[in-house]
Amino acid sequence: MNDVFLRAARGEATPYTPVWFMRQAGRYQPEYRKIRERYTLPEIVRHPEVTAEVTRLPVRQFGFDAAILFADITTPLYGMGFDLDIVEGRGPVIHNPIDTAEDVRRIHLFSAEAHTPFVLEAIRILKRELEVPLIGFAGAPFTLASYLIEGGPSKNFVKVKGFMYAEEEAWNLLMRTLTNAMVEYLSAQAAAGADALQVFDSWVGRLTRHDYERYVAPHMRRLFEALKPLGVPVVHFGTQTMHLLSPMAEAGGDVIGVDTTTPLDWARDRLGTRPVQGNLDPTLLFAPEPVLARGVEAVLSANTGRPGHIFNLGHGILPGTPPDAVRRAVELVHTLSEVRT
Ligand SMILES: Cc1c2[nH]c(c1CCC(=O)O)Cc1[nH]c(c(CCC(=O)O)c1C)Cc1[nH]c(c(CCC(=O)O)c1C)Cc1[nH]c(c(C)c1CCC(=O)O)C2
(Lines of atoms letter the chains of each structure in order from A and count residues from 1; the text may use other names and numbers.)
(Lines give C-alpha, C1' and ligand atoms only; values in the text may rest on other atoms or scores of the structure.)
Protein backbone atom coordinates (compact mmCIF):
# COMPACT_ATOMS: atom_id res chain seq x y z
CA MET A 1 0.00 0.00 0.00
CA ASN A 2 1.08 3.59 -0.71
CA ASP A 3 1.38 4.89 2.87
CA VAL A 4 2.92 8.31 2.13
CA PHE A 5 -0.24 10.05 3.38
CA LEU A 6 -0.13 8.18 6.72
CA ARG A 7 3.58 8.88 7.17
CA ALA A 8 3.04 12.61 6.62
CA ALA A 9 0.07 12.51 9.03
CA ARG A 10 2.43 11.12 11.67
CA GLY A 11 4.92 13.92 10.94
CA GLU A 12 7.49 11.62 9.29
CA ALA A 13 9.64 12.57 6.29
CA THR A 14 8.25 11.38 2.93
CA PRO A 15 9.82 11.02 -0.54
CA TYR A 16 7.25 13.52 -1.89
CA THR A 17 4.29 15.47 -0.53
CA PRO A 18 1.11 13.37 -0.46
CA VAL A 19 -2.00 14.97 -1.94
CA TRP A 20 -5.78 14.49 -1.82
CA PHE A 21 -8.59 17.00 -2.31
CA MET A 22 -11.65 17.56 -0.17
CA ARG A 23 -14.74 16.67 -2.23
CA GLN A 24 -12.52 14.85 -4.72
CA ALA A 25 -15.55 12.73 -5.70
CA GLY A 26 -18.42 14.76 -7.06
CA ARG A 27 -20.25 16.59 -9.77
CA TYR A 28 -17.19 18.01 -11.56
CA GLN A 29 -16.58 14.42 -12.78
CA PRO A 30 -18.65 13.31 -15.81
CA GLU A 31 -18.55 9.72 -14.49
CA TYR A 32 -20.09 10.85 -11.18
CA ARG A 33 -22.80 12.84 -12.96
CA LYS A 34 -23.66 9.70 -14.90
CA ILE A 35 -24.12 7.71 -11.67
CA ARG A 36 -26.19 10.61 -10.27
CA GLU A 37 -28.64 10.25 -13.15
CA ARG A 38 -29.65 6.92 -11.59
CA TYR A 39 -29.20 7.57 -7.85
CA THR A 40 -29.64 10.55 -5.54
CA LEU A 41 -26.81 11.31 -3.13
CA PRO A 42 -28.46 9.49 -0.15
CA GLU A 43 -29.16 6.53 -2.49
CA ILE A 44 -25.50 6.28 -3.53
CA VAL A 45 -24.53 6.24 0.15
CA ARG A 46 -27.04 3.43 0.84
CA HIS A 47 -25.54 1.20 -1.90
CA PRO A 48 -22.07 0.15 -0.68
CA GLU A 49 -20.91 -1.07 -4.10
CA VAL A 50 -21.83 2.24 -5.72
CA THR A 51 -20.23 4.17 -2.82
CA ALA A 52 -17.04 2.16 -3.26
CA GLU A 53 -16.99 2.87 -7.01
CA VAL A 54 -17.50 6.63 -6.50
CA THR A 55 -14.82 6.69 -3.77
CA ARG A 56 -12.25 4.90 -5.97
CA LEU A 57 -12.92 6.89 -9.13
CA PRO A 58 -10.83 10.05 -8.39
CA VAL A 59 -7.97 7.99 -6.96
CA ARG A 60 -7.78 5.93 -10.11
CA GLN A 61 -8.22 8.91 -12.43
CA PHE A 62 -5.92 11.44 -10.83
CA GLY A 63 -3.42 9.51 -8.68
CA PHE A 64 -4.40 10.90 -5.26
CA ASP A 65 -2.47 9.51 -2.28
CA ALA A 66 -5.62 8.94 -0.21
CA ALA A 67 -9.28 8.15 -0.75
CA ILE A 68 -12.08 9.77 1.24
CA LEU A 69 -15.13 7.69 1.92
CA PHE A 70 -18.06 8.90 -0.16
CA ALA A 71 -20.84 10.02 2.20
CA ASP A 72 -22.01 13.34 3.60
CA ILE A 73 -21.82 14.98 7.02
CA THR A 74 -25.61 14.58 7.13
CA THR A 75 -25.51 10.76 6.67
CA PRO A 76 -25.80 9.89 10.41
CA LEU A 77 -28.56 12.47 11.05
CA TYR A 78 -31.41 10.38 9.57
CA GLY A 79 -30.96 7.74 12.28
CA MET A 80 -31.04 10.44 14.95
CA GLY A 81 -34.59 11.31 13.92
CA PHE A 82 -34.05 14.11 11.39
CA ASP A 83 -35.95 14.35 8.14
CA LEU A 84 -33.77 15.99 5.50
CA ASP A 85 -33.02 16.50 1.84
CA ILE A 86 -29.91 17.62 0.03
CA VAL A 87 -30.93 20.37 -2.35
CA GLU A 88 -28.74 20.75 -5.41
CA GLY A 89 -26.67 23.93 -5.40
CA ARG A 90 -27.80 24.74 -1.86
CA GLY A 91 -26.97 21.97 0.60
CA PRO A 92 -28.76 20.06 3.35
CA VAL A 93 -32.29 21.18 4.29
CA ILE A 94 -33.81 19.86 7.56
CA HIS A 95 -37.61 19.58 7.61
CA ASN A 96 -37.86 19.18 11.41
CA PRO A 97 -35.18 21.56 12.72
CA ILE A 98 -34.34 22.07 16.39
CA ASP A 99 -36.25 24.98 17.86
CA THR A 100 -36.50 24.32 21.59
CA ALA A 101 -34.72 22.52 24.42
CA GLU A 102 -37.47 19.88 24.18
CA ASP A 103 -36.42 19.15 20.56
CA VAL A 104 -32.88 18.43 21.79
CA ARG A 105 -34.15 15.86 24.27
CA ARG A 106 -36.04 14.06 21.50
CA ILE A 107 -32.90 13.23 19.45
CA HIS A 108 -32.51 9.46 19.06
CA LEU A 109 -29.41 7.70 20.34
CA PHE A 110 -27.18 7.03 17.30
CA SER A 111 -25.87 3.53 16.53
CA ALA A 112 -23.54 3.09 13.55
CA GLU A 113 -24.42 -0.62 13.15
CA ALA A 114 -28.16 0.06 13.28
CA HIS A 115 -28.35 3.36 11.37
CA THR A 116 -25.43 3.38 8.92
CA PRO A 117 -24.50 -0.30 8.25
CA PHE A 118 -24.08 0.62 4.54
CA VAL A 119 -21.25 3.04 5.41
CA LEU A 120 -19.39 0.32 7.33
CA GLU A 121 -19.95 -2.17 4.51
CA ALA A 122 -18.57 0.32 1.95
CA ILE A 123 -15.44 0.71 4.09
CA ARG A 124 -14.97 -3.08 4.21
CA ILE A 125 -15.31 -3.34 0.42
CA LEU A 126 -12.89 -0.46 -0.15
CA LYS A 127 -10.29 -1.89 2.23
CA ARG A 128 -10.12 -5.05 0.13
CA GLU A 129 -9.38 -3.13 -3.05
CA LEU A 130 -7.76 0.24 -2.38
CA GLU A 131 -4.03 0.77 -2.72
CA VAL A 132 -4.05 4.07 -0.81
CA PRO A 133 -5.26 4.84 2.73
CA LEU A 134 -8.97 5.39 3.26
CA ILE A 135 -10.10 8.47 5.20
CA GLY A 136 -13.36 8.22 7.13
CA PHE A 137 -15.06 11.41 8.29
CA ALA A 138 -17.81 13.13 10.22
CA GLY A 139 -19.12 16.64 10.75
CA ALA A 140 -18.11 18.36 13.97
CA PRO A 141 -20.84 19.12 16.53
CA PHE A 142 -20.98 22.89 15.86
CA THR A 143 -21.25 22.48 12.08
CA LEU A 144 -23.95 19.80 12.46
CA ALA A 145 -25.79 21.93 15.05
CA SER A 146 -25.75 24.84 12.62
CA TYR A 147 -27.69 22.81 10.02
CA LEU A 148 -30.00 21.29 12.64
CA ILE A 149 -30.95 24.65 14.18
CA GLU A 150 -30.89 26.85 11.06
CA GLY A 151 -32.80 24.18 9.11
CA GLY A 152 -30.39 24.54 6.21
CA PRO A 153 -27.35 26.46 4.98
CA SER A 154 -26.93 29.85 6.63
CA LYS A 155 -25.16 33.09 5.94
CA ASN A 156 -25.14 34.81 9.31
CA PHE A 157 -25.82 31.88 11.68
CA VAL A 158 -28.31 33.99 13.63
CA LYS A 159 -30.50 31.08 14.78
CA VAL A 160 -27.72 28.76 15.88
CA LYS A 161 -25.90 31.54 17.73
CA GLY A 162 -29.20 32.77 19.20
CA PHE A 163 -29.92 29.29 20.59
CA MET A 164 -26.36 28.99 21.91
CA TYR A 165 -26.55 32.35 23.73
CA ALA A 166 -30.10 32.02 25.09
CA GLU A 167 -30.29 28.30 25.91
CA GLU A 168 -26.82 27.45 27.11
CA GLU A 169 -27.91 24.33 29.00
CA ALA A 170 -29.83 22.89 26.05
CA TRP A 171 -26.94 23.92 23.78
CA ASN A 172 -24.49 21.92 25.88
CA LEU A 173 -26.85 18.94 25.85
CA LEU A 174 -27.07 19.18 22.03
CA MET A 175 -23.27 19.42 21.72
CA ARG A 176 -22.82 16.44 24.08
CA THR A 177 -25.41 14.42 22.15
CA LEU A 178 -23.75 15.20 18.79
CA THR A 179 -20.27 14.55 20.21
CA ASN A 180 -21.33 11.13 21.52
CA ALA A 181 -22.96 10.27 18.18
CA MET A 182 -19.88 11.30 16.16
CA VAL A 183 -17.55 9.37 18.49
CA GLU A 184 -19.72 6.28 17.92
CA TYR A 185 -19.83 6.91 14.14
CA LEU A 186 -16.07 7.56 13.76
CA SER A 187 -15.11 4.66 16.05
CA ALA A 188 -17.23 2.30 13.92
CA GLN A 189 -15.56 3.63 10.75
CA ALA A 190 -12.11 2.98 12.22
CA ALA A 191 -13.17 -0.50 13.39
CA ALA A 192 -14.43 -1.25 9.86
CA GLY A 193 -10.99 -0.33 8.47
CA ALA A 194 -10.71 3.45 7.94
CA ASP A 195 -6.99 4.32 8.11
CA ALA A 196 -7.49 7.95 9.15
CA LEU A 197 -10.38 10.23 10.11
CA GLN A 198 -11.25 13.83 9.37
CA VAL A 199 -13.54 16.01 11.47
CA PHE A 200 -15.14 18.77 9.36
CA ASP A 201 -15.97 21.86 11.41
CA SER A 202 -16.66 23.80 8.23
CA TRP A 203 -18.60 26.73 9.74
CA VAL A 204 -16.95 27.14 13.16
CA GLY A 205 -14.82 30.03 11.86
CA ARG A 206 -17.90 32.26 12.07
CA LEU A 207 -17.59 32.25 15.88
CA THR A 208 -15.44 34.69 17.82
CA ARG A 209 -12.53 33.22 19.70
CA HIS A 210 -14.29 33.88 22.99
CA ASP A 211 -17.45 32.06 21.87
CA TYR A 212 -15.44 29.16 20.47
CA GLU A 213 -13.69 28.71 23.79
CA ARG A 214 -16.90 28.91 25.81
CA TYR A 215 -19.44 27.02 23.66
CA VAL A 216 -17.44 24.64 21.45
CA ALA A 217 -13.91 23.88 22.66
CA PRO A 218 -14.85 21.75 25.71
CA HIS A 219 -16.90 19.45 23.46
CA MET A 220 -14.14 19.24 20.82
CA ARG A 221 -11.61 18.34 23.51
CA ARG A 222 -13.82 15.48 24.61
CA LEU A 223 -14.37 14.36 21.00
CA PHE A 224 -10.65 14.15 20.20
CA GLU A 225 -9.86 12.55 23.56
CA ALA A 226 -12.40 9.80 22.80
CA LEU A 227 -10.86 9.19 19.34
CA LYS A 228 -7.29 8.77 20.62
CA PRO A 229 -7.61 5.07 21.58
CA LEU A 230 -8.59 4.26 17.96
CA GLY A 231 -4.93 4.69 17.03
CA VAL A 232 -5.57 6.32 13.63
CA PRO A 233 -4.52 9.87 12.73
CA VAL A 234 -7.30 12.45 12.96
CA VAL A 235 -7.43 15.64 10.87
CA HIS A 236 -9.15 18.68 12.43
CA PHE A 237 -10.46 21.04 9.75
CA GLY A 238 -12.39 24.30 9.61
CA THR A 239 -12.69 27.28 7.26
CA GLN A 240 -12.00 30.96 7.99
CA THR A 241 -10.41 29.82 11.23
CA MET A 242 -7.17 31.83 11.34
CA HIS A 243 -8.30 33.47 14.61
CA LEU A 244 -9.10 30.00 16.02
CA LEU A 245 -5.86 28.24 15.07
CA SER A 246 -4.54 28.01 18.64
CA PRO A 247 -7.77 26.99 20.41
CA MET A 248 -8.62 24.48 17.66
CA ALA A 249 -5.13 22.97 17.78
CA GLU A 250 -5.33 22.89 21.56
CA ALA A 251 -8.72 21.08 21.38
CA GLY A 252 -7.10 18.26 19.41
CA GLY A 253 -6.38 16.50 16.14
CA ASP A 254 -3.12 14.96 14.97
CA VAL A 255 -3.18 17.05 11.78
CA ILE A 256 -4.55 20.59 11.53
CA GLY A 257 -6.43 21.37 8.32
CA VAL A 258 -5.67 24.90 7.15
CA ASP A 259 -8.07 26.77 4.88
CA THR A 260 -7.19 29.21 2.10
CA THR A 261 -7.43 32.34 4.22
CA THR A 262 -4.77 31.15 6.71
CA PRO A 263 -1.18 31.47 5.42
CA LEU A 264 0.41 28.03 5.72
CA ASP A 265 3.81 29.31 6.92
CA TRP A 266 2.09 31.39 9.61
CA ALA A 267 0.18 28.29 10.77
CA ARG A 268 3.30 26.12 10.76
CA ASP A 269 5.24 28.67 12.82
CA ARG A 270 2.53 28.48 15.48
CA LEU A 271 1.98 24.71 15.41
CA GLY A 272 5.58 23.58 15.92
CA THR A 273 6.01 20.03 14.64
CA ARG A 274 2.26 19.30 14.36
CA PRO A 275 1.45 18.15 10.81
CA VAL A 276 -0.72 20.40 8.63
CA GLN A 277 -3.02 19.82 5.68
CA GLY A 278 -3.83 22.42 3.03
CA ASN A 279 -4.32 24.91 1.47
CA LEU A 280 -4.45 25.64 -2.28
CA ASP A 281 -7.24 28.03 -3.29
CA PRO A 282 -9.79 25.81 -5.12
CA THR A 283 -10.35 28.56 -7.72
CA LEU A 284 -6.73 28.14 -8.90
CA LEU A 285 -7.98 24.95 -10.61
CA PHE A 286 -9.77 27.29 -13.04
CA ALA A 287 -6.58 29.28 -13.79
CA PRO A 288 -4.18 28.96 -16.77
CA GLU A 289 -1.61 26.20 -16.16
CA PRO A 290 1.36 28.49 -15.29
CA VAL A 291 -0.77 30.28 -12.68
CA LEU A 292 -1.86 26.94 -11.20
CA ALA A 293 1.79 25.81 -11.12
CA ARG A 294 2.77 29.02 -9.32
CA GLY A 295 -0.03 28.44 -6.78
CA VAL A 296 1.09 24.86 -6.10
CA GLU A 297 4.69 26.03 -5.76
CA ALA A 298 3.63 28.77 -3.32
CA VAL A 299 1.88 26.25 -1.04
CA LEU A 300 4.87 23.90 -1.14
CA SER A 301 7.34 26.67 -0.38
CA ALA A 302 5.17 28.09 2.44
CA ASN A 303 5.71 24.71 4.03
CA THR A 304 9.49 25.36 3.82
CA GLY A 305 10.42 21.71 3.35
CA ARG A 306 9.35 20.60 6.83
CA PRO A 307 7.99 17.05 7.20
CA GLY A 308 4.33 16.60 8.07
CA HIS A 309 2.63 18.38 5.18
CA ILE A 310 -0.38 16.88 3.41
CA PHE A 311 -1.25 18.87 0.29
CA ASN A 312 -4.94 19.68 -0.11
CA LEU A 313 -7.22 22.49 -1.16
CA GLY A 314 -8.22 25.10 1.42
CA HIS A 315 -11.83 23.89 1.01
CA GLY A 316 -13.73 21.47 -1.24
CA ILE A 317 -13.40 21.24 -5.03
CA LEU A 318 -15.85 23.65 -6.65
CA PRO A 319 -18.54 22.57 -9.10
CA GLY A 320 -17.38 23.05 -12.70
CA THR A 321 -13.70 22.41 -11.92
CA PRO A 322 -11.99 21.03 -15.06
CA PRO A 323 -10.91 17.43 -14.37
CA ASP A 324 -7.68 18.02 -16.36
CA ALA A 325 -6.67 20.75 -13.91
CA VAL A 326 -7.13 18.29 -11.03
CA ARG A 327 -4.91 15.76 -12.79
CA ARG A 328 -2.30 18.44 -13.48
CA ALA A 329 -2.37 19.73 -9.89
CA VAL A 330 -1.68 16.24 -8.51
CA GLU A 331 1.22 15.81 -10.96
CA LEU A 332 2.63 19.22 -10.01
CA VAL A 333 2.50 18.44 -6.27
CA HIS A 334 4.29 15.15 -6.82
CA THR A 335 7.01 16.43 -9.16
CA LEU A 336 7.68 19.79 -7.48
CA SER A 337 7.83 18.28 -3.97
CA GLU A 338 10.13 15.47 -5.09
CA VAL A 339 12.72 17.99 -6.29
CA ARG A 340 12.73 19.78 -2.98
CA THR A 341 13.22 16.83 -0.57
C1 LIG B 1 -20.63 21.28 4.99
C2 LIG B 1 -20.50 19.90 4.40
C3 LIG B 1 -21.54 19.16 3.75
N4 LIG B 1 -20.99 17.95 3.38
C5 LIG B 1 -19.66 17.89 3.74
C6 LIG B 1 -19.36 19.08 4.42
C7 LIG B 1 -18.03 19.38 5.05
C8 LIG B 1 -17.03 19.77 4.03
C9 LIG B 1 -17.12 21.15 3.50
O10 LIG B 1 -17.08 22.08 4.30
O11 LIG B 1 -17.18 21.26 2.27
C12 LIG B 1 -18.71 16.77 3.57
C13 LIG B 1 -18.77 15.92 2.38
N14 LIG B 1 -19.80 15.81 1.44
C15 LIG B 1 -19.46 14.89 0.52
C16 LIG B 1 -18.21 14.33 0.87
C17 LIG B 1 -17.65 13.14 0.11
C18 LIG B 1 -16.33 12.83 -0.06
C19 LIG B 1 -15.40 13.69 -0.86
O20 LIG B 1 -14.85 14.65 -0.28
O21 LIG B 1 -15.13 13.36 -2.02
C22 LIG B 1 -17.76 15.00 2.02
C23 LIG B 1 -16.46 14.83 2.79
C24 LIG B 1 -20.27 14.46 -0.64
C25 LIG B 1 -21.23 15.43 -1.20
N26 LIG B 1 -22.18 16.14 -0.52
C27 LIG B 1 -22.91 16.90 -1.38
C28 LIG B 1 -22.43 16.66 -2.68
C29 LIG B 1 -23.01 17.31 -3.94
C30 LIG B 1 -23.40 16.37 -4.91
C31 LIG B 1 -24.61 15.74 -5.30
O32 LIG B 1 -25.76 16.15 -5.01
O33 LIG B 1 -24.39 14.76 -6.00
C34 LIG B 1 -21.39 15.73 -2.58
C35 LIG B 1 -20.58 15.11 -3.68
C36 LIG B 1 -24.06 17.77 -1.00
C37 LIG B 1 -23.75 18.74 0.06
N38 LIG B 1 -23.61 18.43 1.38
C39 LIG B 1 -23.27 19.57 2.09
C40 LIG B 1 -23.19 20.64 1.16
C41 LIG B 1 -22.88 22.08 1.52
C42 LIG B 1 -23.48 20.12 -0.11
C43 LIG B 1 -23.44 20.82 -1.44
C44 LIG B 1 -24.73 21.15 -2.05
C45 LIG B 1 -24.57 21.41 -3.55
O46 LIG B 1 -23.64 22.09 -3.96
O47 LIG B 1 -25.42 20.91 -4.30
C48 LIG B 1 -22.96 19.57 3.53
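Cβ atoms are placed via backbone N, Cα and C, with glycine included.
A TrEMBL annotation is a machine prediction, not a hand-curated record.
Keep in mind it's a predicted model, so treat the numbers as computed, not measured.
Summarising the annotation, TrEMBL assigns substrate binding site to ARG23, GLN24, ALA25, GLY26, ARG27, ASP72, TYR147, SER202, HIS315. The 10 Å shell around the Cβ of ASP72 (site 'Transition state stabilizer') contains 17 further Cβ atoms across the protein chains shown.
On the 0 to 100 pLDDT scale, the domain 'Uroporphyrinogen decarboxylase (URO-D)' (18-27) averages 97 in the predicted structure. Look at TrEMBL and you will find 18-27 (among others) tagged as domain 'Uroporphyrinogen decarboxylase (URO-D)'.
Here TrEMBL flags 135-151 (among others) as domain 'Uroporphyrinogen decarboxylase (URO-D)'. Packing against the domain 'Uroporphyrinogen decarboxylase (URO-D)' (135-151) from elsewhere in the chain are residues 20, 66-69, 71, 73-74, 76-77, 82, 91-95, 97-99, 123, 157, 159-160, 163, 171, 174-175, 178-179, 182, 185-186, 189-190, 194-204, 207, 215-216, 219-220, 223, 235, 238: each is 6 or more residues past its ends and has a CB under 8 Å from a CB in it.
The annotation site 'Transition state stabilizer' is assigned in TrEMBL to ASP72. In the three-state DSSP reading, ASP72 (site 'Transition state stabilizer') counts as coil.
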The rounded CA-CA distance in Å from HIS315 (substrate binding site) to ASP72 (site 'Transition state stabilizer') is 15
Longest inter-residue Cα distance for the substrate binders ARG23, GLN24, ALA25, GLY26, ARG27, ASP72, TYR147, SER202, HIS315, rounded to the nearest angstrom, is 23
Quick check on the domain 'Uroporphyrinogen decarboxylase (URO-D)' (135-151): DSSP residue counts for helix, strand, coil, in that order please. 10 helix, 5 strand, 2 coil
Identify, among the binding-site residues ARG27, HIS315, the residue whose Cβ has the fewest other Cβ atoms within 10 Å in this structure. ARG27
Specify the count of other C-beta atoms within 10 Å of the C-beta of ARG23 (substrate binding site). 17
